[in-house]
């Protein structure tokens, strides 16, 4: 079985973390000779701007469209500043062009050892386990806008259609139904103020009631949800579904609960993973960390993103489970980078996870 994976290493620590994820994927092929990965490296972000003038070259986009999945490192950095052409524009464009409408970001603890690293007390965060499902190609980030043209006025537009909301609701429902019993669904909005949120709430309610009556649906205002995530995060265990901007903010808030951005993976999908072959782009939740010295970045988020890719896009569930178990074992053994109060290097963590994967798959 051969799978084609586009590698978009990006900027600064991006090449370092994708290299460790590739190392772990290659460990799978050594333990499973019938599995083969074809890696094709392409440019995105600042590296692409330097080489081509564009943050997303046509070659990168076309190659990504033909692949089974895309694994991305990180984009951006002070070198490219806030000019007219910015690395982040490449990310927004590839999401839109590949119709990656659903962003999945799990928030949990891969090891009990991580509880004491959370900025919240361990007794508050223990047992936290939810996934944020963020609508990724609609809303205010893609709405009509007007820049300030010297008159001191600028505006952006938040717009959603019923079909866009139905689509992301079905993704959240599908994920909730993967557990037995099904997980509760939490829908976050600002329906007490925004017309777009009132449409959101109405559509989510109707979709769940008509298509997924077995699911428990809870509505929460986004500001209230932000407080709950700090006061009692496990109260929102299950699947959280929300709009593009709210999802951007709430998932970043959630990302600090486990203690480090270097732990958290993400997946952006273009369809339901009902056959475990959905096309997706996978990336860590952290940025490009331009100030970090070489070989110091935590590669676990990217390695876990690769595990999500194995499960959702490449139909390799056993191998995905092995990677996640290997990560837990490595953390338990204290082989962690400085952000987790360890002394191991990027490559040492990658080596340890790869070795554990081979043991588990033998």
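Keep in mind that glycine also has a Cβ here, set from the backbone N, Cα and C atoms.
Database features, via Swiss-Prot:
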type: BINDING; residues: 77-88, 287-298; note: NAD(+) binding site
type: BINDING; residues: 95, 105, 134, 223; note: substrate binding site
type: BINDING; residues: 223, 248, 252; note: Mg(2+) binding site
type: SITE; residues: 141; note: site 'Important for catalysis'
type: SITE; residues: 190; note: site 'Important for catalysis'
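The structure, with features from Swiss-Prot marked on it.
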residue	record	Cβ neighbours (10 Å)
77	NAD(+) binding site	21
80	NAD(+) binding site	20
95	substrate binding site	20
105	substrate binding site	23
134	substrate binding site	27
141	site 'Important for catalysis'	18
190	site 'Important for catalysis'	19
223	substrate binding site	12
287	NAD(+) binding site	17
293	NAD(+) binding site	8
What are the other residues, in sequence order, whose C-beta lies within 8 angstroms of the center of the C-beta atoms of 223, 248, 252 at the Mg(2+) site? 222, 226, 245, 246, 247, 249, 250, 251, 253
Pairwise over 95, 105, 134, 223, annotated as binding substrate, what's the top Cα to Cα distance to the nearest Å? 27
For the binding-site residues 83, 290, the one whose C-beta sees the most other C-beta atoms within 10 angstroms: 290
Sequence-ordered list of residues in the chain of residue 248 (Mg(2+) binding site) that lie 6 or more positions away and have a Cβ within less than 8 Å of its Cβ, or none, is 134, 141
Does anything in the same chain, at least 6 positions from residue 296 (NAD(+) binding site), have a Cβ under 8 Å from its Cβ, and if so what? 337, 338, 345, 346
Just to verify a number: CA distance, residue 252 (Mg(2+) binding site) to residue 293 (NAD(+) binding site), in angstrom, no decimals. 24
Whose Cβ, among the binding-site residues 86, 252, has more other Cβ atoms within 10 Å than any of the rest? 86
Going by C-alpha distance, which of the binding-site residues 95, 105, 223 is nearest to residue 293 (NAD(+) binding site)? 105
List the binding-site residues among 77, 80, 83, 287, 290 whose C-alpha is within 10 Å of the C-alpha of residue 223 (substrate binding site), in sequence order, or say none. none
Out of 80, 83, 190, the recorded positions in the record, which is closest to residue 105 (substrate binding site) when you go by Cα distance? 190
